[in-house]
Amino acid sequence: MTSQSIMLLVAFLGVLLALAYPLGLFMAKVGDGTAIRGLGWLLKMENALYRLAGLDTQSAMSWKSYAIALLVFNTLGALFVYAVQRLQAWLPLNPQAFGNVSPDSSFNTAVSFVSNTNWQGYGGESTMSYLTQMLALTGQNFFSAATGIAVAFALIRGFSSRSAKSIGNFWVDLTRSTLYILLPLAIVVSVALMGQGVIQNFSAYQDVALVDPVTYQQAKTTADGQPVVDAEGKPVMETLTAKMQTIAMGPVASQEAIKMLGTNGGGFFNANSAHPYENPTVFSNFIEMLAIFLIPAGLCFTFGRMVGDMRQGWAVLGAMTLIFVVMTSIVMTSEQSAHPAMQALGVDQTTTALQSGGNMEGKETRFGISASALFTAVTTAASCGAVNNMHDSLMPMGGFVPLVLMQFGEVVFGGVGTGLYGMLIFAILSVFIAGLMIGRTPEYLGKKIQSYEMKMASIAILVTPTLVLVGTAIAVLVESGKVGIANPGAHGFSEILYAFTSAANNNGSAFAGLSANTPFYNTMLAIAMWFGRFAMIVPILAIAGSLACKQRLAANAGTMPTHGPLFVALLVGVVVLVGVLNYVPALALGPIVEHLQLFSH
């Protein structure tokens, strides 16, 4: 790591902590339902929304009622997003006259945005109208994030309640999360990004003449975007000359803000946050990274405040930060090292005052190695998936890091809400293991952890590895899966493993070398995204309901402290161990083999 990388990482974590602490305390008030001083006007708006919807806000929900309401709301959201895409050609705010999106791509995109994954098998600026981007996709960026916060609130109430039958009201949690947290933050970040040059308009795309025409070759494709191959299976190339360039416009800043704050990640443009209209400067890049981690980090303090012991929140945040710093150091070091293939060509990859050095393939020169590597770690530690560089061009160990961060279960800060409740599931597993070692019934925050909680926790932990490994196995076995591989060998396998890892863990980033906009991958990845999201949420709500019914016991001499360095070390060990055990064989076939092959020559 260079001194620049170290300084950037320290500055990032310092600013994050300074902002996340007060936000976490504020979110605790939102979760508790208490009145917030100075925001009486928002309370009036909130109550007006309840009256408009005919909701009884005093009606408490059991965990089953909460889960049903959540599933119904998100299913209706998916149907709405699907319908908007399928009717896009006849709807307004479509200056480029884009046609209707295909059924399989619409299905994949609807599930993707509702599940907070934002996997994109399409190019936003060449597929989606402004209305689709704003009404369907940006809308779900808010609602999917609010759903995650609501589930986190419900689980926290399970720990903090005493012999309660309710874990809250889903509709209230959804409304308050959107109104008090997501909307205000999105407005602030949108304005900040516009100040840095992120565009926000409804203009038609602009056609401009190039100063120098560009002649280039590209693989020929069919009408549906599939590569044309010759008799030997090699891609057929065609020579093209570009004299004009079409510059895409659109309401980008408003979508960019919630894309980051909600750990959604779906870009307005195909290049995502590598595009200069989404992320034009190093300062906008820093803002976007902060926005990704801000709410997940703040929720750790929310957890501590709502359970009545801030040390618990610090312990969870400490475990997350420790893993994050180690993994970020690996990707920074890996990307700063010289690429052997470039060395063989005599390319200068040393770090100087005039260049970042290292592996600059697939990276933006305005960001360089340090900011690109940090963004890579941030976006995959959180279930965001936005990218400011091409992950497919990372060094083998550089690509190993985002894969592993996702395979930990997106609990290293993780998504909005999902990171906290995912880490709390690992905390439950940790105290259970500790209880087995000392022969005592495990407790966490005064609640006994018994067989029911462990069964539900096991389901929540195992559902995503099952989806990832089974999906990857099917894709490499069937012809429709193998035809999408552009890079044979270990890297091609890594691309498929990355796709299913990203989908099942609701991240959304990709190794872009995989041709994933096909009926096979659109369907398979949509299944992984849906069950990766909701097959985890339901058992977590079941745990919340079970814990809420229990008395909160006072700590005694035999109670294991869950706020000190020993527990943090145990929690980190359990997260790493479960991730390693689940995925080591698959990782050995992908990035590890690729690393050995690259450096063996």
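Note: Cβ is positioned from N, Cα and C throughout, glycine not excepted.
According to Swiss-Prot, the feature transmembrane segment maps to 6-26 (among others), an assignment based on sequence analysis. Distant neighbours of the transmembrane segment (6-26): 36, 180-181, 286, 289-290, 293-295, 297-302, 304-305, 313, 321, 325, 328-329, 332, 370-371, 374; these residues of the same chain sit at least 6 beyond its ends, with a Cβ under 8 Å from one of its Cβ atoms.
Residues 91, 100-101, 105-107, 109-111, 113-115, 128, 131-132, 135-137, 140, 143-144, 147, 150-151, 154, 167-171, 174, 534, 537-538, 541-542, 545 of the same chain sit 6 or more residues outside the transmembrane segment (65-85) yet have a Cβ under 8 Å from a Cβ within it. For 65-85 (among others), the entry in Swiss-Prot reads transmembrane segment.
Summarising the annotation, Swiss-Prot assigns transmembrane segment to 136-156 (among others) and lists sequence analysis as the type of evidence.
If you look up Swiss-Prot, you'll see 179-199 (among others) marked as transmembrane segment.
As annotated by Swiss-Prot, transmembrane segment applies to 283-303 (among others).
Marked as transmembrane segment by Swiss-Prot: 313-333 (among others).
Residues 2, 4-5, 8-9, 12, 116-119, 259-260, 263-267, 272-274, 282, 285-286, 288-289, 292-293, 296, 323-324, 327-328, 331-332, 334-336, 351, 356-360, 394, 398, 401-403, 405-406, 410, 412-415, 418-419, 502, 505-510 of the same chain, all 6+ positions outside the transmembrane segment (367-387), place their C-beta atoms under 8 angstroms from a C-beta of that stretch. The feature transmembrane segment is assigned by Swiss-Prot to 367-387 (among others).
Away from its own ends, the transmembrane segment (397-417) comes close to residues 116, 145, 147-153, 261-263, 293, 295-297, 299, 320, 323-324, 327-328, 330-331, 334-335, 359, 373, 376-377, 379-384, 391, 423, 426, 461, 464-465, 468, 494, 497-498, 501-502, 505-507, 509, 511, 575-576, 578-579, 582-583, 587, 590-592, 594-595 of its chain (Cβ-Cβ under 8 Å, at least six residues beyond either end). As annotated by Swiss-Prot, transmembrane segment applies to 397-417 (among others).
Counting only same-chain residues 6+ beyond the ends of the transmembrane segment (419-439), those with a CB under 8 A from a CB of the stretch are 151-152, 155, 296, 299-300, 302-303, 316, 319-320, 382-383, 409-413, 449, 453-454, 457, 460-461, 536, 540, 543, 560, 562, 567, 570-571, 574-575, 578. The annotation transmembrane segment is assigned in Swiss-Prot to 419-439 (among others) on the grounds of sequence analysis.
The transmembrane segment annotation in Swiss-Prot covers 458-478 (among others). Tertiary proximity for the transmembrane segment (458-478) is limited to same-chain residues at least six positions away from its ends with a CB under 8 Å from its CB atoms, namely 407, 409, 422, 425-426, 429, 493, 496-497, 499-501, 503-505, 520-521, 524-525, 527-528, 531-532, 535-536, 539-540, 543, 578, 582-583, 586.
The feature transmembrane segment is assigned by Swiss-Prot to 524-544 (among others).
The feature transmembrane segment is assigned by Swiss-Prot to 566-586 (among others), with sequence analysis given as support. Outside the transmembrane segment (566-586) by six or more residues, the chain places 315-316, 318-319, 322-323, 404, 407-409, 411-412, 423, 426-427, 429-430, 433-434, 461, 465, 468-469, 472, 497, 560 with a CB less than 8 A from a CB of the stretch.
Listed by sequence, the residues of this chain that lie at least six past the ends of the transmembrane segment (283-303) yet keep a Cβ under 8 A from its Cβ atoms are 12, 15-17, 19-21, 23-25, 27-28, 31, 145, 149, 152, 156, 181, 185, 189, 192-193, 196-198, 256-257, 260-263, 273, 310, 312-314, 316-317, 320, 367, 371, 374-375, 378-379, 381-382, 384, 386, 388, 413-417, 419-420, 424. Counting same-chain residues at least six beyond the ends of the transmembrane segment (136-156), those with a Cβ under 8 angstroms from any Cβ of the stretch are 27, 31, 63, 66, 70, 73-74, 77, 80-81, 84-85, 109, 113-116, 118, 128, 167-168, 170, 173-174, 177-178, 181-183, 186, 254-255, 258-259, 261-264, 266, 295, 299, 302-303, 306-307, 415-418, 420-421, 424, 537, 540-541, 543-544.
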